[in-house]
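K.L.:
Here's a structure for you.
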Amino acid sequence: MLKIILRHASLLILTLFVLSFFSFSLAYLFPGDPLVNLTGIRGSSEQEYALLAEQYAMHSSFIVQYWQYVMHLFSGNWGLSFSSGLPLAEEISRSLAASVELSAYALIFSFLIGLPLGFLSGLRHHKFTDFTLLTASVIGYSIPVFWAALIAILIFSIQLGWFPLSGRISLLYDVPFETGFILIDILLSDLPDKEFAFQDALRHLVLPSVSIAIVTCTIVLRITRRSIVEVMSSEYIQAAYARGLSPRQVFLRHGVKNALIPILPLLVMQFTTLLTNAMIVETIFSWPGIGNGLIQAIYQRDFPAIRAGMLAVSALVLTFTITIDMVIQIFDPAGRRPENATS
Amino acid sequence: MLVSQQHASCFIPVTVILTVMLTLMGCSPENTHYQQPNGIIYCSEGNPASFNPQLDTSGTTVDVSSHQIYDRLLDFDLITGEIIPGLASSWITSTDGLTYTFQLRKNIVFHSTSYFAPTRTFDADDVIFSFNRWRDKNHPYHEVSGGRYPYINSVGLGDLISDIKRINRYRVEITLVRPESSFLANLATDFSIILSAEYADQLAKADTPELIDTHPIGTGPFKFNSFRQDRYVRFDAHPLYWRERSTTEQLIFDITPSSSLRLAKLMTGECDSMAFPTHSQLDIIRKRKELTLDEKPGLNVGFWAFNTAKAPFDNPEVRRALAMAIDKNALMEAIYFGSAIPATSIIPPSSWAFQPDTRSSTYNPLGAAKLLRENGVEEGFSMTIWAMPVERAYNPNAMKMAELMQRYLRDVGIDANIVSYEWSTFRARLNQGLHDSVLIGWSADNGDPDNFFRPLLTCSAIDSGTNRARWCSKEYDKLIDQALTYTNQEDRAYFYSKAIEMINDEMPLMPIAHAFRYQAYRDNLTGIEINPYGGIQFRNVSKP
């Protein structure tokens, strides 16, 4: 087990270094003064500039500069945003939290819908229900996320007026920042009308999380279906029937557990797909997340924000993927690893 | 056997979906509406550059600050355009027109916020501080936040005032260098706001003077709460405001640069009112029964300015030829959708200085091409048209207009390239004079015609960044100055008609259109009134 942990940890550290090196070299690759791109401080006086250059070891070799950069990253100094002039570490952790929150709810949503439908489809293997669900899932899988989001806005916001189309909560509620997760922050806050604020935040969540969940939902459905088909045709299920158990007992006692265990890691891995889709959907729903932030940064040529934002997102995805992989290997020594990690 | 299986597994998703749908339908807007906190959300078009309109003439900055955070000594009556008392309850003008004495109101309280608690009420010191900041180049606050006061410099207010004296705590005396009839009107504009001297002292002691423009303190109906770039500006009601006002507790500017998104938010009720509906959206707004659209003729002009500091645009013949190459009437339909009238001069018809019989350039591509060739502008000459990236009433879609003009210019053998940047960069580069020509415009800040002639084309307005043509004529400046020495409208109109003639001969800019102003809002909003003299006002606006 120690070996597995060590192997994954070294992989993680190495990749993170490559990533940070790439993000550092961006400061040189972007147009303009590398020091300005690193710090985000423009129009500083000569003394200030000299001081900054010293802090970032701009007169030393490239490697020393990189090392200084990493030190600054670890001490939480990620530079300032060009457009807002605020520290990026805070800006990014806020928006990253918003993205993670959205993806998490979307993941829960796709499990709530995808898993039961997958069971149903697997149990009715090659029957009408199965084919209908498969067709639906192919359609759902092929719909571009941003298109689904726009259609959802058109129908449910503008035509029917059921759900709001932008942001996390009505701006009339001033929810203080604690964890960055809006629902938790509302519960922690001392707003006088907490339950309404909570309801409002939920209504804001529906459309974005559903539009992201559509794709993941179909993936979950298909993975679950295949696993159920495999398990239900295995010998121990036949044996269970032979022992005289009812179909419901067979399914609940033997089917569900055995079908879920091998695919659980695969399902959790959908989180990274979700995060990618979330970043697209955020811009449509003006969700104040990292995807929206990055698009704005690109649009405004905010080089420090692009650099730090990319590093933060890729580091998060990487850490998540490697950790899950490690956990799987620790708990599944037989090495029944999923053949297809991202589907 | 399989039937029961199906029931078992079908049950879960159906219940989930039903529960989710029912829960969410239960909280549709009709049910939650009255439970929302009391406040107004205004979907605005961009980030303010600061919260001090002294520093910026951009409509975005003015809208967010002038009438929300601050008050002025004088105000305009929105209906009649008359100058009415503001923080000054009355004023006396000396017989020679050089000295103005203002009696200030008592017991006017400044905002108390998380960063400032006032210990005294508004008095003469605040007036002197606010004016000296832009007037006196040695004032400790003059250079704070850049030291540029574009509006005040463009109308020459700083040089006009020779002295400001405190007579007693509630009386201020302002002496002018020469009598000027637009002086009082300038004090009532969005830019002549009153800051808190006590707050400035406190900031100076803490060595953070620049906070005066980012964390503002004023006497206005709303006090600043917070600002997040690209997201929102949040205001709370100022509970001790001196005038009558609505009971609205919060005012929020929801920063939404895309106009279609602003309209969508207005439709769903996420905004109560929106900034700058585009002209193609007007019909949609009129058709929705829950939305209202108000309209008023605007005091504005959209124009195409040539950079007269650059060859060949320094040649009036070339400029006239270029103006002849464009069909203005086609632009009216394509860009303004009929919600503007073609401009014959920089003065809109609603102003008393308007000359109905002004002859303007007519569309004549052949003549234009001939005139260009005669003046050495050959076939294939290449120039830039800078198109502003934001919508304004006077030009709702500069980019599309530039594209149309590109086609007209191709007909006369000119290759036009369209240039655009993000709004603040755009203006910064315009100030450096990097453009060949630019599509931009002007909205008046007061009803006085001087407010068109002076900021747009006088020499001193080049440095303050409102003279986009960078045109400087001593003769023109003299006409504009002379007009101000008379108080009689007919006398002044004589000089202005001369000035208009001169502009049409020299053609430093081609006037395109005077647009109507629109305000779109939801029906349940009351008290909203279009301000023809500048920024939006929320003092009397309320929502049941």
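Here the Cβ of each residue, glycine as well, is placed from N, Cα and C on the backbone.
Not measured: the values here are computed from a predicted model.
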K.L.:
Select from A:56-78, A:263-285 the stretch of residues annotated by TrEMBL as transmembrane segment.
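P.N.:
Result: A:263-285 is the stretch TrEMBL calls transmembrane segment.
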K.L.:
Given pairs 6 or more apart, does the transmembrane segment (A:201-223) have at least three Cβ pairs under 8 Å with the transmembrane segment (A:305-328)?
P.N.:
no
K.L.:
Sort out the residues at least 6 away from either end of the transmembrane segment (A:305-328), same chain, that have Cβ-Cβ distances under 8 Å to it, and list them.
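P.N.:
The answer is 4-5, 8, 11-12, 15-16, 19-20, 23, 26-27, 30, 37-38, 40, 73, 78-79, 81-83, 88-89, 91-93, 96, 100, 265, 268-269, 271-272, 275, 279, 290, 293-294, 297-298, 337.
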K.L.:
How about long-range neighbours of the transmembrane segment (A:96-119): same chain, 6 or more residues beyond its ends, C-beta under 8 Å?
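P.N.:
For the transmembrane segment (A:96-119), the far contacts come to 133, 168, 179-183, 205, 208-210, 212-213, 216-225, 227-228, 256, 259, 267, 270-271, 274-275, 277-279, 281-282, 287-291, 312-313, 316.
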